[in-house]
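Novice: Once you've had a glance at the structure underneath, I'll fire off some questions.
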Amino acid sequence: MKRRTDPECTAPIKKQKKRVAELALSLSSTSDDEPPSSVSHGAKASTTSLSGSDSETEGKQHSSDSFDDAFKADSLVEGTSSRYSMYNSVSQKLMAKMGFREGEGLGKYSQGRKDIVEASSQKGRRGLGLTLRGFDQELNVDWRDEPEPSACEQVSWFPECTTEIPDTQEMSDWMVVGKRKMIIEDETEFCGEELLHSVLQCKSVFDVLDGEEMRRARTRANPYEMIRGVFFLNRAAMKMANMDFVFDRMFTNPRDSYGKPLVKDREAELLYFADVCAGPGGFSEYVLWRKKWHAKGFGMTLKGPNDFKLEDFYSASSELFEPYYGEGGIDGDGDITRPENISAFRNFVLDNTDRKGVHFLMADGGFSVEGQENLQEILSKQLLLCQFLMALSIVRTGGHFICKTFDLFTPFSVGLVYLLYCCFERVCLFKPITSRPANSERYVVCKGLKVGIDDVRDYLFAVNIKLNQLRNTDSDVNLVVPLEVIKGDHEFTDYMIRSNESHCSLQIKALAKIHAFVQDTTLSEPRQAEIRKECLRLWGIPDQARVAPSSSDPKSKFFELIQGTEIDIFSYKPTLLTSKTLEKIRPVFDYRCMVSGSEQKFLIGLGKSQIYTWDGRQSDRWIKLDLKTELPRDTLLSVEIVHELKGEGKAQRKISAIHILDVLVLNGTDVREQHFNQRIQLAEKFVKAVSKPSRPDMNPIRVKEVYRLEEMEKIFVRLEMKIIKGSSGTPKLSYTGRDDRHFVPMGLYIVRTVNEPWTMGFSKSFKKKFFYNKKTKDSTFDLPADSIAPFHICYYGRLFWEWGDGIRVHDSQKPQDQDKLSKEDVLSFIQMHRA
């Protein structure tokens, strides 16, 4: 229930407030020279006497303290100086109730703090009160005028080199050895002094800053930061994806000078690449994701914690990549600065690329220079040289090279770039948007290795030997190309200076931006998500999360790969070749044949050593293959497990090998509908990609040698009688393959590769084969699409000529059983029907 206000009672109160207001007005007009304390005490005395008279008039008891508080609150609101005018009346009244007087502290003796408590300037996890001397100063760099972030990038190439590639005689006195130099501030030959000192100063500012605080600010400041690694192993993979796109896929789809692709997925040649100083392997994971089993990689990196992490290749098949660590092979140390390792890796790569070398080399070397960031270029000079040397050692003529560099201020580093400029058709220095703008990282990109670079390679090899000799001494190689030679090429020098100064300007702005973002934690780049989406779309990278490949049992994976095909097909057994069935092999040009060494099986690869076999009967299960080998996931093959032999007598060695008869799915690529010849060609390409010459402990994988039926006599030339270990000294029939290993043959598979109603004939007029349709009577020299026999037709219609007892296919064997098909019978039939 509300209490009614009595007008007579409220009148004295209004009168009292009027008097207080008048007094407050007089106090507020007090001179600024008058001490605040006298004003306060005067006010207090006046209010005390005033409150006493008013309480008697009202006839109601009021304590002097309560009125004193009310007066002080009102005086704070209306009569205090402008120093406190920013605070609202409520907060001022609260302070007044606690006894606050302007210019005095709280407490009985006014001993409290007199000044206002400042807002906290605490940053991150720094200790309370910690200030970083040197960091909190202003950099005086305007970073806000940086260009708008964009996914589009421009490439600026060095002008084409018109001078001859230097030879041994010319380079004989180029190497200059002098006192070891450990300062960078005076390296102004290829960069303006002011810019150089500015970038070094900006870097030095961050020396006192906590690393985590720096990283958080950098993450907010970089508009491209959210690109990260997507579904790859690390950010390096996305750098390669970025640069591969910018350079028109010159790495994953190299072309000749006429724009024609050098390698095609449907052709036999692999795309060979190498990855050095590259652990854990992000560059290679990207290339293998893009090319799948159409590429083969070789890698060398330092053994240890930064080794290749092939088990973490989630998006690509690491079985297509072969690490080799130089001298000692898989047991080497991978140190690229050791001449023995460079030579060993070069020989290994050439031996496994038909002596041609790789199509391109990627090098991403670097090591921690914590506390010496400004000297990174000097500390990394030998690493840079060895990566350049490796390019000239293993890249094929016309091939490409990409390598990470840091600052390029010293004449030593610029001299190395000059040698690349002489040895490649085109060279450029490029910083991708996936490389953080504040660091000194850049990439030298080289296109089209020239002929005749051997002398430069030998020269760099000699320089590396000298660097190793001078290690831990006060001397060093200071020049690899004389300054007058470099500066004599004005176009090269101008590009080098422009590139360095442009890079310095970019770094300075980026460092200043991070500095500002450290100081103000509310700053952020608003378009990070938008830019990320735009970049992934442009580079052709799906926006997917990184997840480990799901595990699967072989049976489920088999049904997934055959995609609804009738499973009964896989239980078909070949038709035995007899005198009666021999008549069906007409014309002979429709058929191919292969030597059998054991029973046919289906083999499925689920990744790494997860390999299973199945004999085709629905009642039987998939069985784990007890061999040491690896295959990419999503692979389905028709194979034999053959016991191969090498040598004779007691020294004879036996090894189990996988022989491929036909292929269905290769690393997720369904090839069943392609021509048999094409499937065999792709199988050979696949085997090259997965083979591991550096691992003699692994069981080999081979593709059966396929013969035209009309050339069957070539098979019998490869047959001979050999003594098999454990066969009581009795010679047995052996077939020797292309790799000089032999096995005991069980018979011959004969496969029809032309689909009905098409058949093949031989034109005597044109001296070549043609295709003939038995229904339409059409004939053509070009392969008709509907004449191709897919896998299930080839598998269902195959024949098998068993070479058991009573079959004489070699002159040293026992006499022929007259009731069985002889070698002569078959050869005479072929001769009769191929004319």
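Here the Cβ of each residue, glycine as well, is placed from N, Cα and C on the backbone.
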Novice: Among ASN222, ASN234, ASN374, which is the one Swiss-Prot gives for the S-adenosyl-L-methionine site where CYS277, ALA278, GLY279, PRO280, GLY281, GLY282, PHE283, ASP335, ILE336 also bind?
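Specialist: Record check against Swiss-Prot: S-adenosyl-L-methionine site with CYS277, ALA278, GLY279, PRO280, GLY281, GLY282, PHE283, ASP335, ILE336, extra candidate from ASN222, ASN234, ASN374 is ASN234.
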Novice: Looking at Swiss-Prot, LYS203, SER204, VAL205, PHE206, ASP207, ASN374, LEU375, GLN376, ASN439 are annotated for substrate. Which of ARG218, ARG220 sits in that same site?
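Specialist: That substrate site, as Swiss-Prot gives it, pairs LYS203, SER204, VAL205, PHE206, ASP207, ASN374, LEU375, GLN376, ASN439 with ARG218.
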Novice: Where does Swiss-Prot put phosphoserine, among SER53, SER64?
Specialist: SER53
Novice: From LYS108, LYS123, LYS555, LYS777, pick the one Swiss-Prot annotates as N6-acetyllysine?
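Specialist: In Swiss-Prot, LYS108 carries the N6-acetyllysine label; others show none in the record.
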Novice: Of SER40, SER66, SER556, SER579, which does Swiss-Prot mark as phosphoserine?
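Specialist: Matching SER40, SER66, SER556, SER579 against Swiss-Prot annotations yields SER66.
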Novice: In Swiss-Prot, which of these is labelled phosphoserine: SER91, SER156, SER380, SER413?
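Specialist: Among SER91, SER156, SER380, SER413, the one Swiss-Prot marks as phosphoserine is SER91.
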Novice: How many angstrom lie between the most widely spaced Cα atoms of the substrate binders LYS203, SER204, VAL205, PHE206, ASP207, ARG218, ASN374, LEU375, GLN376, ASN439?
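Specialist: Among the residues the record ties to substrate, max Cα distance equals 22 Å.
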Novice: Of the recorded positions LYS108, LYS239, ASP364, LYS404, which one has its Cα closest to the Cα of VAL205 (substrate binding site)?
Specialist: LYS404
Novice: If you measure from the Cα of LYS404 (active site, proton acceptor), which of the recorded positions LYS108, LYS203, ASN374 is the nearest?
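Specialist: So, spelling it out, the nearest of the recorded positions is ASN374.
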Novice: Using a 10 Å cut-off on CB atoms, tell me which of the recorded positions LYS108, LYS203, LYS239, LYS404 is the least crowded.
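Specialist: Least crowded of the recorded positions LYS108, LYS203, LYS239, LYS404, by Cβ count within 10 Å, is LYS108.
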Novice: Measure from the Cβ of VAL205 (substrate binding site) and count the other Cβ atoms within 10 Å, all protein chains considered.
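Specialist: So the Cβ neighbour count for VAL205 (substrate binding site) comes to 19.
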Novice: Would you please pick out, from the recorded positions ASP207, ASP364, the one with the fewest other Cβ atoms within 10 Å of its Cβ?
Specialist: ASP207
Novice: Give me the CA-CA distance between GLN376 (substrate binding site) and ASP364 (active site), in Å, as a whole number.
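Specialist: The Cα atom of GLN376 (substrate binding site) is 15 Å away from the Cα atom of ASP364 (active site).
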Novice: Name the one residue among LYS108, LYS203, ASP207, ASP364 whose Cα is closest in three-dimensional space to that of LYS239 (active site); these are the recorded positions.
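Specialist: Spatially nearest to LYS239 (active site) by Cα position is ASP364.
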